[in-house]
Amino acid sequence: MKVLWAALLVAFLAGCQGKVEQVVEPELEPELEPHQQADWQSGQPWELALGRFWDYLRWVQTLSEQVQEELLSSQVTQELTALMEETMKELKAYKSELEEQLSPVAEETRARLSKELQAAQARLGADMEDVRSRLAQYRSEVQAMLGQSTDELRARLASHLRKLRKRLLRDVDDLQKRLAVYQAGAREGAERGVSAIRERLGTLVEQGRARAATVGSSLASQPLQERAQAWGERLRARMEEVGSRTRDRLDEVKEQVEEVRAKLEEQAQQMRLQAEAFQARLKSWFEPLVEDMQRQWAGLVEKVQAAVGASTTPVPSDNH
């Protein structure tokens with residue numbers, strides 16, 4: 001009899017332990033690397049649109065089970081689609097803006113950079129589409145399990161969304177790196193333009209000297225000092241004009257670079273705060289469930305121990 005009780009107890013405890021581990025699993029979310037947290041920083045329109053996409057998805061996920069089942073409908077999928085299209089539209093617009101700044105760069109370099117950026121853009125779009133597909137799949141499974149417990153489905157959805165979130169972070173990191181290469185190419189093109197102006201200016205100076213020598217020999221009747229002064233004034237005016245254009249172009253490039261950097265830093269801070277808020281909400285979602293399961297587990301163990309102790313207590317004998 002004792003052997004039978006022990007076997008039943010072991011089987012029961014093993015089943016309870018498996019269930020507890022299955023429910024607790026969604027809470028275990030790995031910490032993000034520092035560079036991944038920094039990726040959600042920047043102030044470009046496409047990154048702000050991506051933030052709205054993820055905020056909407058997080059809003060759906062944090063609702064109660066009943067409200068969540070009501071919202072997981074075709075309307076939610078349509079709204080996610082609209083946010084995805086907005087993100088990709090803003091990203092294409094920003095890419096076109098950078099391509100305009102790459103005009104001085106060689107055609108081969110422009111083609112290579114454009115191809116790499118398109119690949120990163122496609123990966124981001126595919127991962128966003130995967131998020132929408134996972135949500136639609138969850139909706140179908142919930143509808144198929146009406147009247148049954150959906151804790152396992154919610155845990156599985158949370159696990160999928162956590163993995164997809166990390167993939168989105170990697171996509172944003174890759175895109176920002178590609179865009180940084182674009183910006184570097186724009187600066188390189190501007191520097192090449194300045195070098196060309198300097199070379200042209202040097203050529204003009206040499207031509208001016210040669211022409212001055214020729215004119216000086218042909219106009220020997222004019223006073224030498226008067227001719228040199230007039231030619232020097234014309235050359236000085238020409239050099240000042242070219243130098244002014246060069247400075248204006250350099251200032252314009254510097255302003256554009258500073259503006260892009262400021263936007264990147266601003267969005268980086270926003271993305272980091274969003275990531276921290278998302279992590280805090282996930283923790284607050286699953287923490288009460290874990291504590292409740294632990295209390296139930298402790299009570300169950302006490303009851304089983306009490307039952308086993310009662311069954312093994314020897315019965316007093318009436319024989320003296």
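Any Cβ shown, glycine's included, is placed from N, Cα and C.
Annotated O-linked glycosylation site per Swiss-Prot: T214, in sequence order, evidence recorded as similarity to another entry. Here Swiss-Prot flags M145 as methionine sulfoxide. What Swiss-Prot lists as region '8 X 22 AA approximate tandem repeats' is 82-258. According to Swiss-Prot, the region 'LDL and other lipoprotein receptors binding' annotation covers 160-170, on the basis of similarity to another entry. Taken from Swiss-Prot, the feature region 'Lipid-binding and lipoprotein association' covers 212-293. The repeat '1' feature in Swiss-Prot is assigned to 82-103. Annotation source Swiss-Prot lists repeat '2' at 104-125. Residues annotated as repeat '3' in Swiss-Prot: 126-147. Here Swiss-Prot flags 148-169 as repeat '4'. The repeat '5' annotation in Swiss-Prot covers 170-191. Per Swiss-Prot, the feature repeat '6' maps to 192-213. The annotation repeat '7' is assigned in Swiss-Prot to 214-236. The feature repeat '8' is assigned by Swiss-Prot to 237-258.
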Structural state census, the repeat '1' (82-103) (DSSP three-state): 20 helix, 0 strand, 2 coil
The residue listed as 'methionine sulfoxide', number of other Cβ atoms within 10 Å: 13
Model confidence over the repeat '1' (82-103) (mean pLDDT, whole number): 80
